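> So Swiss-Prot lists these for the protein:
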BINDING   Cys40, Cys76, Cys105  [4Fe-4S] cluster 1 binding site
BINDING   Cys172, Cys176, Cys179  [4Fe-4S] cluster 2 binding site
DOMAIN    31-141  domain 'MTTase N-terminal'
DOMAIN    158-397  domain 'Radical SAM core'
DOMAIN    400-466  domain 'TRAM'
Amino acid sequence: MRAMSTNPPNLRPDLAPAARLGTAATRPGQPTIGMVSLGCPKALVDSERILTRLRAEGYGISPDYAGADAVIVNTCGFLDSAKAESLDAIGEALKENGKVIVTGCLGAEPDYIREHHPRILAVTGPHQYEQVLDAVHGAVPPDPDPFVDLLPASGVQLTPRHYSYLKISEGCNHKCKFCIIPDMRGKLASRPAHAVLREAEKLVDNGVKELLIISQDTSAYGLDRKYDTNLWKNREVRSHITDLARELGQLDAWVRLHYVYPYPHVRELIPLMADAGCNLLPYLDIPFQHAHPDTLKRMARPAAAARTLDEIAAWREICPEITLRSTFIVGYPGETEAEFQTLLDWMDEAQLDRVGCFQYENVAGARSNDLPDHVPAEVKQERWDRFMAKAQAISEAKLAARVGQVIEVIVDEVDDEAATCRTKSDAPEIDGNLFIDEGFEGLQPGDIVTVEVDEAGEYDLWGRLR
């Protein structure tokens, strides 16, 4: 067996690795800004938009604290552990640079931030781009040079050049008791279909090979707009996830859907995934969270686990190669051993391909904090261990069945030892990889190549070029 990678699925998709930006060299005297981006891909898109605006105004982007005239920290406030990470990042930026502007979800609690870090220059809430720019202008006045300061046509990206997150809406209409996202980011606000498609086309024209569609609730896209129509390429396109996915699937790039709730109309997407002429990947990221109806009711989630299994069966009948990813919470207040066992039994039936799980923790402001019968920490850990053991066994069996298959992969990274790739079943950061460790020297990030799978592990595959 080749050496196993240390790459199980990311168990905390709400806390993606921090992204720091490095870009082209700045000109002499150019004001420069550093960026630390924490949290989910939706926050990463906010960071990209802020940096794109700053580049358009003549600011340079520094990859380190020392070269920056000021630093923006885009925070996460979804969980208490995320708040602690954000406070640590702010403290590090203050220590290393001294001029710090805070934005993002934790920015919705300015008094809390200033209590811990009174030296910060300014605090703004999530997706408040204009306020961030105003704060930057006050700390570091712009000094643009129109003959030198060039902005990439696709804007500034914090991801590798070959894939990009595409945010189609803000906010959420759900009232899940464990979540404070609607309080921080507001109700659902969908972008017009033509604006999404124009951005997607520009990204693909500039070399992006994979579009990762994100929002708080992707399947609710357009609900707030009453599914209005927009003119795109001399035809009308409805602001509905099915219509949007169909149009995106005509672009020359992989299209991957994240944060899809299992509404009945999701079944309309599955034939598009099965259509060889559409680039919508057979992949659904659906946050089921639990399977026992009583637990789901306490979460204020749709309590229809039995129908969920029926939907999964229907999806697989239409598109047998579909990959299903989900995240779950164990140890939610009031969760009994019987309820947890129902979740394990549901997992046996659902046979999900990619699974992440985290133990429940209180979040300041969440209604779940006041629920009775909180689960002891040692019980939460024990249940998490049992859940992940089952998920790992399912993953290992499913990947073993892929040995001998010939599949397409996209190259993410190439070093001296191997090319790190992903299959159509794997999203960046949160899923597994396929490694090519022979004959890979000519590959470049963004290449899409054909491989034969010749070995499988618990979460990763290995293959050789065909």
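The backbone N, Cα and C atoms fix where each Cβ goes, glycine too.
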> Fewest other Cβ atoms within 10 Å: which of the binding-site residues Cys40, Cys76, Cys176, Cys179 wins that one? Let me know.
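Lowest Cβ count within 10 Å among the binding-site residues (Cys40, Cys76, Cys176, Cys179) is Cys176.
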> Work through the binding-site residues one by one (Cys105, Cys172) and point out the residue whose CB has the fewest other CB atoms within 10 angstroms.
Cys172
> Helix, strand or coil at Cys105 ([4Fe-4S] cluster 1 binding site), per DSSP?
helix
> In whole Å, how far is Cys179 ([4Fe-4S] cluster 2 binding site) from Cys40 ([4Fe-4S] cluster 1 binding site) when you measure between their Cα atoms?
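Pair distance, Cα basis, whole Å: 14 Å.
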> Given the binding-site residues Cys172, Cys176, Cys179, state which is nearest to Cys76 ([4Fe-4S] cluster 1 binding site) when distance is taken between Cα atoms.
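Comparing Cα positions, the closest of these binding-site residues turns out to be Cys179.
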> List, in sequence order, the residues of the same chain other than Cys172, Cys176, Cys179 whose Cβ lies within 8 Å of the centroid of the Cβ atoms of the recorded [4Fe-4S] cluster 2 site.
His174, Lys175, Phe178, Ile180, Ile181, Pro182, Gln216
> Which whole-number value in Å describes the distance between the Cα atoms of Cys176 ([4Fe-4S] cluster 2 binding site) and Cys105 ([4Fe-4S] cluster 1 binding site)?
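Each residue's Cα considered, Cys176 ([4Fe-4S] cluster 2 binding site) and Cys105 ([4Fe-4S] cluster 1 binding site) end up 17 Å apart.
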> Calculate the distance in Å between the alpha carbons (Cα) of Cys105 ([4Fe-4S] cluster 1 binding site) and Cys179 ([4Fe-4S] cluster 2 binding site), and round it to a whole number.
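Computed Cα spacing between Cys105 ([4Fe-4S] cluster 1 binding site) and Cys179 ([4Fe-4S] cluster 2 binding site) is 12 Å.
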